[in-house]
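Q: From Swiss-Prot, here are the annotated features:
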- His135, Thr136, Lys273, Asn282, Arg291: substrate binding site (BINDING)
- His165, His210, His265: divalent metal cation binding site (BINDING)
Amino acid sequence: MQPQRVVITPGEPAGIGPELVVQLAQRSWPVELVVCADATLLQDRANMLGLPLRLLPYRADQPPVPQQQGTLTLLPVVLRKPATPGVLSTDNGHYVVDTLARACDGCLNGEFAALITGPVHKGVINEAGVPFTGHTEFFEERSHSDNVVMMLATEELRVALATTHLPLKAISDAITPALLREIITILHHDLRTKFGIADPHVLVCGLNPHAGEGGHMGTEEIDTIIPVLNEMRAKGMNLSGPLPADTLFQPKYLDSADAVLAMYHDQGLPVLKYQGFGRAVNITLGLPFIRTSVDHGTALDLAGKGKADVGSFITALNLAIKMIVNTQ
């Protein structure tokens, strides 16, 4: 693989994201790591942890080079207010969004081959006056994508979501034939192009207990899910379901599957996070670029103490590199 540039956003400056990025610099990488962040923030966290860090200037006019141990390439975005580990400040809500916007725009214009995001604090961003539902929705809107799919993955399991951050009472109405067609199409396409799976097999959850029990526990399966699955199978997609979510996550089903499509957030993700928390990666499918993320939050109570585990960030970066290779 020719060296590529990967852009990283550390996320909430008062959280563990900045120090996790500093920990990424403690090894060499086959790609150039361009960090969209405040220089003083990164140096201060490196000093707190007692870790070496040299920040190199980002030069868009120069070809990318593999990142050497102890260094990061800096694309500067200045904090509105100095950050104290563990202490949120609404003054920096706009800073977080600025880093996301610059990183996203760089992916859209071809500067970067992939984007890896650290954890943000949605509450403080909204309190700063910036409407923000999450990374997935932000990148969908900024890239003018018609629709995107949130998927979490470990080495053993991939779970995509038909709906993301919705209250339970809104989910049934949200799962329309048009939505399901689009979600399944994106999932099938990206499993082939970004994951290199020639004929992906997807297990599809029902919405209701026992996948509706033949209409006795809800009719969404009969009215919506089954007709769409039949339609997509006729186009050559390898889909099984709808299957009851309480029995789907068994080896006899998962051993032959490349991904699971859950109907809502808390239907599929508890199983994945129980199995692989700290080793899981959040991936946004359907974007015109590769985006992966850690599977944990800002952990304000750990910030600046050197106790945060960099494992999920490393996994997210390694997966992004694999996806870059698959798309070349």
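Backbone N, Cα and C atoms are what each Cβ position is placed from, and that goes for glycine too.
Mind mapping these onto the model and telling me what they sit next to?
A: The Cβ neighbour count for Lys273 (substrate binding site), using a 10 Å radius over every protein chain in view, is 17.
In the three-state DSSP scheme, His265 (divalent metal cation binding site) is classed as helix. Spatially close to His265 (divalent metal cation binding site) yet at least six residues away along the chain are Leu161, Thr163, Thr164, His165, Leu166, judged by Cβ distances under 8 angstroms.
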Q: Rounded to the nearest angstrom, how far is the Cα of His210 (divalent metal cation binding site) from the Cα of Thr136 (substrate binding site)?
A: 30
Q: Quick one, of the binding-site residues His165, His210, which Cβ has the fewest other Cβ within 10 Å?
A: His165
Q: Select one residue from His135, Arg291: among these binding-site residues, choose the one with the most other Cβ atoms within 10 Å of its Cβ.
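A: For the binding-site residues His135, Arg291, the Cβ with the most other Cβ atoms within 10 Å is Arg291.
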Q: Name, in the order they occur in the sequence, the residues of the same chain whose CB lies under 8 A from the CB of Asn282 (substrate binding site) and which sit 6 or more residues away.
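A: In sequence order, the residues whose Cβ lies under 8 Å from that of Asn282 (substrate binding site) (at least 6 apart) are His135, Met150, Met151, Leu152, Thr292, Ser293, Val294, Asp295, Ala316.
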Q: For Arg291 (substrate binding site), which DSSP three-state class applies?
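A: Note: Arg291 (substrate binding site) is in a strand by DSSP.
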Q: Including all protein chains shown, what's the count of other C-beta atoms within 10 A of the C-beta of Thr136 (substrate binding site)?
A: 24
